[in-house]
Amino acid sequence: MKKFGFAALILAFCLNAPAMGAEITVSAAASLSESFTQISQEFTKNTGVKVNLNFASSNNLLRQMEQGAPVDVFASADQETMDSAEKKDLTEASTRRNFALNDLVLITPASGTLAGPEGLSSADVKHIAIGQPESVPAGRYTRDALTSAGTWEALQSKFVFGNSVRQVLSYIQRGEADAGFVYRTDALAGGKEVRIVTAMTGHKPVCYPIAVTKGSADKGTAQKFVDFVLSPRGLEILAHYGFSPVK
């Protein structure tokens, strides 16, 4: 009986443990770069599973999946892109979870003196960096916020578009734009080169969803990664990089 019990224990361990040499690919919004890098490192340390990370704007990641790119887990910076992935049968709807909140903030280079969004119309502000609204969630949040404020059309001639929120951040860091709109977590990652002016309002909540993909060759391991992101340790890492918990 003891031998049988021990054998059953070993069998259960083997069934639950990831296969030797297992690896998954995680496609995540660019604003998750630092947090998901650390989460992936700890996940690998705990499980032995190699995690290949692919960061880009959420819409570009969706396009890659549509074109057949091998992806096991998808994490978007907005609900709209995840909704599209679900409608196109690219994700497992039952695995979808919201895992973090962020803020859209107005930033300037460290030497900037802009006091608030009302100053964007000033002649001193020549270039405003924003994400492409068609492909970058941060750009859509920016468009909604400025539309709510009644300034979207008036500021059109000043916009410099980035293909990801991190490109927008780089414009500010290099002084190529006088102001820009990124997530709070990106501004924090920008360090001393960036100054946060204020958090914006007038847009939908910046809420991040995550899901296992339909095309995953190892859905069990992919789900374990999603579970780790949602675990107390995963949420602790996200908080360290400036994300807020979903209530």
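First residue shown is number 1, and so on along the chain.
Cβ coordinates come from backbone N, Cα and C, glycine included.
According to TrEMBL, the residue from Val73, Val160, Val165 that belongs to the molybdate site alongside Ser31, Ser58, Ala138, Tyr183 is Val165. All protein chains included, Ser58 (molybdate binding site) registers 32 other Cβ atoms within 10 Å of its own Cβ. For Val165 (molybdate binding site), other Cβ atoms within 10 Å of its Cβ number 32.
Excluding the listed site residues Ser31, Ser58, Ala138, Val165, Tyr183, the same chain places Ala29, Ala30, Ser57, Ala77, Asn102, Gly131, Val136, Pro137, Ser164, Arg166, Val182, Asp186, Val206 with Cβ atoms within 8 Å of the centre of the molybdate site Cβ atoms.
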